[in-house]
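*Asks:* What follows is a structure written as structure tokens; I'll ask about it next.
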Amino acid sequence: MPRSGRFSIKAKNYFLTYPKCDLTKENALSQITNLQTPTNKLFIKICRELHENGEPHLHILIQFEGKYNCTNQRFFDLVSPTRSAHFHPNIQGAKSSSDVKSYIDKDGDVLEWGTFQIDGRSARGGQQTANDAYAKAINAGSKSQALDVIKELAPRDYVLHFHNINSNLDKVFQVPPAPYVSPFLSSSFDQVPDELEHWVSENVMDAAARPWRPVSIVIEGDSRTGKTTWARSLGPHNYLCGHLDLSQKVYSNNAWYNVIDDVDPHYLKHFKEFMGAQRDWQSNTKYGKPIQIKGGIPTIFLCNPGPQSSFKEYLDEEKNQALKNWATKNAIFVTIHQPLFADTNQNTTSHRQEEASEA
């Protein structure tokens, strides 16, 4: 117990205010980090603020590893590097480091050092309620920032309910799949059979013009014939290659059509839903909640010849006779025997695009 009149503050978190202090944040940080203390500094946040009369102030939050007993009221004094001037702060122990951190964040002109330390008082944040914490998270600019807010203001929820929080924030801050940009102009595909061109004109279009039950198409042909690049050049689409990922990060319900590329038909989940352009169906995921698929769009199935790839060979299997009868009513089957482009056309287009990107 200190004697009456003796200066003493013992705390893990210190809140310092320097009135009429014209030091830069960087200079103040350098001086604070060089102060020798028996317990390590873990986090420092500095805010430079201009009051209405134009005078600059500095607010500083310091978090120590353990409680630091300050008995020298001049210990945190700062000095000007350019003139004979000392800056003496108001020194307080910060009961809620989150409240102080939020307060000095308000003007935005801040500088941080170290890692902010979350504790029980920070979680309560003074009068901070759970609703306030989650409201601040929703208003954050990104999922990572929202997680940081919840970790700081609601650490119990962060630890006990992280899976649900993480999943929900994926939806709140959903980033639509980046639109595909074809490396070739559509005009470079100058060897496309009329059957394919006709199918595109009847089925690949936006929702307003699309048939209620569009027809899908299976295109079989050798590798390097341009099947994939042609199929992906027709408009906004979902591209599923090797396996099906219907998560929101990959699959968009606003696409005009699907492209399913190089998926063994023996293991193709939702065969009928895709080929039949079915509407409003669900896909059950192994570790998550069912995904609702809007559907109603055609699918281009791309495959090579062979028993583990060809849809025709798969449907010709005796056990799949009923499925074959259904498939022929919901899709057309086209086999291509030559590239969908002339070599010179593709090369010329590629060179032109490279030149345009370099210009």
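If you go along the chain as it appears here, the first residue is 1 and each next one adds 1.
Cβ atoms are placed via backbone N, Cα and C, with glycine included.
Predicted, not measured: the structure shown is a model, and the values here were computed from it.
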*Asks:* Select from 15-18, 135-138, 179-182 the stretch of residues annotated by Swiss-Prot as motif 'RCR-1'.
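*Replies:* Feature motif 'RCR-1' in Swiss-Prot: residues 15-18.
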*Asks:* Among Glu49, Glu65, which residue shares the divalent metal cation site with His57, His59, Asp107 according to Swiss-Prot?
*Replies:* Glu49
*Asks:* Among 91-94, 103-106, 151-154, 183-186, indicate the range for which Swiss-Prot gives the feature motif 'RCR-3'.
*Replies:* 103-106
*Asks:* To which of the residue ranges 110-120, 143-153, 231-241 does Swiss-Prot assign the term region 'Binding to RBR1'?
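*Replies:* Within the set 110-120, 143-153, 231-241, Swiss-Prot attaches region 'Binding to RBR1' to 143-153.
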*Asks:* Which one of these stretches, 156-176, 261-281, 282-302, shows up in Swiss-Prot as region 'Oligomerization'?
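*Replies:* From Swiss-Prot, the annotated region 'Oligomerization' range turns out to be 156-176.
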*Asks:* Who are the chain neighbours of the motif 'RCR-3' (103-106) in space, where the CB to CB distance is under 8 Å and they lie at least 6 residues beyond its ends?
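*Replies:* Result: 45-47, 59-61.
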*Asks:* Among all protein chains shown, how many Cβ atoms are found within 10 Å of the Cβ of Arg224 (ATP binding site), not counting that one?
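*Replies:* The Cβ of Arg224 (ATP binding site) has 8 Cβ neighbours within 10 Å.
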*Asks:* Restricting attention to the motif 'RCR-3' (103-106), give the mean pLDDT.
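*Replies:* Summing pLDDT over the motif 'RCR-3' (103-106) and dividing by its length gives 81.
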*Asks:* Given the binding-site residues His57, His59, Lys227, which one's Cβ is surrounded by the fewest other Cβ atoms within 10 Å?
*Replies:* His57
*Asks:* Given the recorded divalent metal cation site (Glu49, His57, His59, Asp107), which additional residues of the same chain have their Cβ within 8 Å of the Cβ centre, ordered by sequence?
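*Replies:* Same chain, not in Glu49, His57, His59, Asp107, Cβ within 8 Å: Cys47, Arg48, Leu50, His51, Pro56, Leu58, Ile104, Asp109.
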*Asks:* Enumerate same-chain residues with a sequence separation of six or more from Thr225 (ATP binding site) and a Cβ-Cβ distance below 8 A; give 'none' if the list is empty.
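*Replies:* In sequence order, Ile336, Gln338, Pro339, Leu340 meet the Cβ cut-off.
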